[in-house]
Amino acid sequence: MAKFDEKKTLRCSFCGKSQDEVRRLVAGPGVYICDECVELCSEIISEEFEEEEYNEFDDRLPTPKEIKEFLDQYVVGQDHAKKILSVAVYNHYKRIYYHDNRKDDVEIQKSNILMLGPTGSGKTYLAQTLAKMLNVPFAIADATTLTEAGYVGEDVENILLRLIQNADYDIERAERGIVYIDEIDKIARKSDNPSITRDVSGEGVQQALLKILEGTIASVPPQGGRKHPHQEFIQIDTTNILFICGGAFEGIEKIIERRIGEKTLGFNAKIESKKEKKIGDILRQIMPQDLLKFGMIPEFIGRVPIIVTLDALDKEALIKILTEPKNALVKQYQKLFAMDGVELEFEKEALEAIADKAIERNTGARGLRAIMEEIMLDVMFEIPSNDKIEKVIITKAAVLKEDKPIVIINENKKVQRKPRLKQRLQERRGNVS
């Protein structure tokens, strides 16, 4: 019931304040509510809604353990790196939601990631797999193509254009994406002392990256290329974009060894083989001052506080990469052959020989596909033309090019092959006409 005093003054039905004591009184059928009570109700409902949404978000966002388990399905080894990445990514996306939905005096800053590891150790693949799991837009950029504004090359904003394109120009979605910047070690300045000469592809690029790494409203040319004053720009906030920078940082292990007191030269030098002292073990002892000595500027180091180190892949790890992950190369080729009704088998010695070749070429996991293509070329050329091929066995001799793969023919093989491409095209033309 609406409240009235003797002078018929209207009062709020909830707090009892008169219309003179509040800014506004809203009337309903037999009831009144003041602006203060409306605001209080709104806050209560909003808090409850936020709590429900936060709980839902907590259920949706995988825990660090779940993230690592997913990475384990696709990436062999690198357990230490996967653990650090899992925690970092979880905290990053938890921070985004918390900031979006709650007013708080404590602002949690973004923590970008720096990955160090030899070529082919899985840096790019780890970042790609994370984006796949979280279903967020993902873009890869090559730091060596970037130059600072005013010089020939790509502006740093073009990195963001790739992310926007991968998000189908949904800016809000792109603003929660992941950007992987490869070859970041190649933009180290030539010396750890500032130089009076201009370093447009080194220190200059590091300086240009600072703003987007930290968080800024960036103006991105929609067609890419250089900015000019008369074109329209896409505005994107980089505050919640996770940047993962990766590089081999060749030679940084010597800087680390010098710092921790290991002798690398001289008569009394401690001599250890690479097997005894793995580069990965040395890299784990990295400190910010080592990156500074390498040529990264202090401001850049400060914006990538999480450092992840990866181990070089040994023979055993490379064999596992060939066979164990969900999308392992051996499984991919077996599926390709199965499409033509052919079974594909790799002998154990053949897999070992493939791993040895990758180590010899110093290409890590990245070089495995190229080696496989070389081995399989002739067989893949013949199979589509011969319906009687039942099985192919890849031997060590085939990998070393001392012999051809073993091809087993079955004259009685019955194959229900899909219509040839030419036939299917003719059928499609007939249907259209």
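Including glycine, each Cβ sits where the backbone N, Cα and C put it.
These numbers come from a predicted model, not from an experiment.
Taken verbatim from Swiss-Prot:
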| type | residues | note |
| --- | --- | --- |
| BINDING | C12, C15, C34, C37 | Zn(2+) binding site |
| BINDING | P118, T119, G120, S121, G122, K123, T124, Y125 | ATP binding site |
| DOMAIN | 1-53 | domain 'ClpX-type ZB' |
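Each residue contributes its Cα atom, and for T124 (ATP binding site) and C37 (Zn(2+) binding site) those atoms are 54 Å apart. DSSP gives C34 (Zn(2+) binding site) a strand state.
All chains included, 18 other C-beta atoms sit within 10 angstroms of the C-beta of C37 (Zn(2+) binding site). The CA atom of C37 (Zn(2+) binding site) is located 62 Å away from the CA atom of G120 (ATP binding site).
If you take the C-beta of G122 (ATP binding site) and look for same-chain residues 6 or more apart in sequence within under 8 angstroms, you find V75, V76, G77, Q78, L310, L313, G364, A365. If you take the CA of C12 (Zn(2+) binding site) and look 10 A around it, you hit none of the binding-site residues from P118, T119, G120, S121, K123, Y125. Taking the domain 'ClpX-type ZB' (1-53) as a whole, pLDDT averages 76 in the prediction.
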